[in-house]
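Okay, so here's the structure we're looking at.
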């Protein structure tokens with residue numbers, strides 16, 4: 001058997017000389033002379049395998065391969081293999097209760113296709129002398145492009161005219177199978193090399209924050225290839241109890257990861273904290289990467305304290321990239337939070353225009369995009385591409401705090417009837433701000449509708465450029481276009497109430513509010529302009545209130561309020 005060297009290191013990767021794999025003798029078995037064909041060992045950890053599968057950077061003692069692509073396996077034998085009299089079967093198992101019917105117990109007869117779609121072919125030995133190490137059989141083993149991902153145990157069985165020999169499983173020969181975005185037959189296939197290099201292989205990136213007028217960025221170490229990270233990512237799937245047979249579906253895997261990166265419901269990776277009190281853990285702003293978080297969770301099995309939206313998104317990007325899903329971190333400025341499927345952002349005033357201080361909109365909310373092709377998520381017009389997944393616990397989905405995956409194109413077209421959580425994401429990026437005022441009878445009526453204020457300058461890191469790119473056009477048609485009106489109409493027809501529009505009237509008074517640059521410690525200049533566009537004079541009563549608002553959209557009490565009464569002639573301001 002092969003024993004991949006036990007590299008002793010706290011971090012980093014094995015030296016190149018150690019990645020080739022070294023045969024380890026199998027436990028004593030029947031001698032070749034007895035007629036049974038008892039393999040002397042297996043070689044599974046070749047450097048060529050790692051390079052071909054784009055897994056050479058993984059600091060993992062086991063061979064890491066990608067489905068839909070062959071990897072080399074060398075079986076060391078006590079004598080030359082005779083295809084006329086000998087037969088061989090490669091055996092792999094996944095999980096504690098492997099079953100052939102569920103694709104988790106794989107038996108691959110040499111030269112045939114297994115019932116689960118795996119194949120094992122003998123490589124042409126070529127001419128020349130026998131290779132060093134004695135007789136051997138070189139195989140090319142291929143997992144189907146829809147195989148469940150995870151850590152497989154690997155062994156071989158042989159049969160001769162005398163009988164069968166089953167070699168025991170050993171940890172050193174385990175093989176970890178991942179999604180393969182380089183394989184055209186895999187649902188996660190991504191065509192552009194620049195995108196693959198950025199969204200699968202890049203270990204660092206930038207996450208954007210701030211406001212739409214003052215966009216800032218923070219560096220983030222995803223570290224998906226670092227020691228212990230792959231093991232932690234597989235542990236997350238195990239901790240959730242995800243069936244091994246379902247782990248070939250990127251929809252289900254991304255949804256489980258979305259639920260498990262936050263601690264609610266299932267004691268997942270991160271505890272969210274927006275209180276400002278971080279004495280019992282780490283300030284979310286202190287994190288600079290995902291590696292320490294994932295290692296701590298895997299080591300102790302307890303949720304790590306604390307995270308906010310960019311930390312959840314950064315960790316989720318790491319996990320999905322590690323498992324082979326192309327993933328990027330996204331920032332949505334002026335992100336809404338729809339709690340009642342109305343597809344609107346509602347703001348309420350009392351009779352005296354006193355504001356009910358409630359959640360407005362996130363100044364900048366982070367989530368993830370992962371890339372895969374799957375028709376059930378999307379309409380015939382939108383079968384491929386980026387899917388929204390969000391681990392920040394905001395609302396429950398099917399009883400769990402998770403969000404997505406939901407097709408970005410479905411959001412753009414207003415197809416909120418499609419899975420998963422499309423209405424919620426649509427409202428985050430494309431809802432209207434509706435202002436309500438309480439009437440003397442206690443009911444609320446609409447006094448103003450602000451369109452186009454939600455979902456601004458949606459940003460991510462461009463592939464290979466190191467620069468921010470604006471992807472708002474992927475979520476929304478141009479404001480006011482026929483496509484935009486059709487998308488909003490489609491969406492609101494499936495909402496909890498019809499779309500509410502403003503009701504302009506003759507003589508309407510318009511009010512605009514502007515502000516200069518906001519610099520800490522400096523005065524802030526505000527300007528309010530009211531214009532009478534009607535034919536009659538108006539007496540205006542203006543009430544100005546200023547209040548602090550966190551990036552989450554939660555506002556505090558006003559720290560300054562003013563009231564003014566002004567006469568305004570027709571056409572004047």
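Every residue, even glycine, has its Cβ placed from backbone N, Cα and C.
Nobody curates TrEMBL annotations by hand; they come from automatic prediction.
Database features (TrEMBL):
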type: REGION; residues: 1-34; note: region 'Disordered'
type: COMPBIAS; residues: 9-20; note: compositional bias 'Low complexity'
type: REGION; residues: 115-138; note: region 'Disordered'
type: DOMAIN; residues: 301-393; note: domain 'Transglutaminase-like'
type: BINDING; residues: 430, 432, 479, 484; note: Ca(2+) binding site
type: COMPBIAS; residues: 476-487; note: compositional bias 'Basic and acidic residues'
type: REGION; residues: 476-508; note: region 'Disordered'
Taking DSSP three-state, what's residue 432 (Ca(2+) binding site) in: helix, strand or coil?
strand
Other CB atoms, at most 10 A from the CB of residue 430 (Ca(2+) binding site):
25
Setting 430, 432, 479, 484 aside, what same-chain residues sit with their Cβ within 8 Å of the center of the Cβ atoms that define the Ca(2+) site, listed in sequence order?
451, 452, 455, 476, 477, 487, 488
For residue 484 (Ca(2+) binding site), nearby residues of its own chain (Cβ under 8 Å, 6 or more apart in sequence):
476, 477, 478
Would you identify which of the binding-site residues 432, 479 has the most other C-beta atoms lying within 10 angstroms of its C-beta?
432
Secondary structure at residue 484 (Ca(2+) binding site), reduced by DSSP to three states:
helix
Model confidence over the domain 'Transglutaminase-like' (301-393), averaged pLDDT:
82
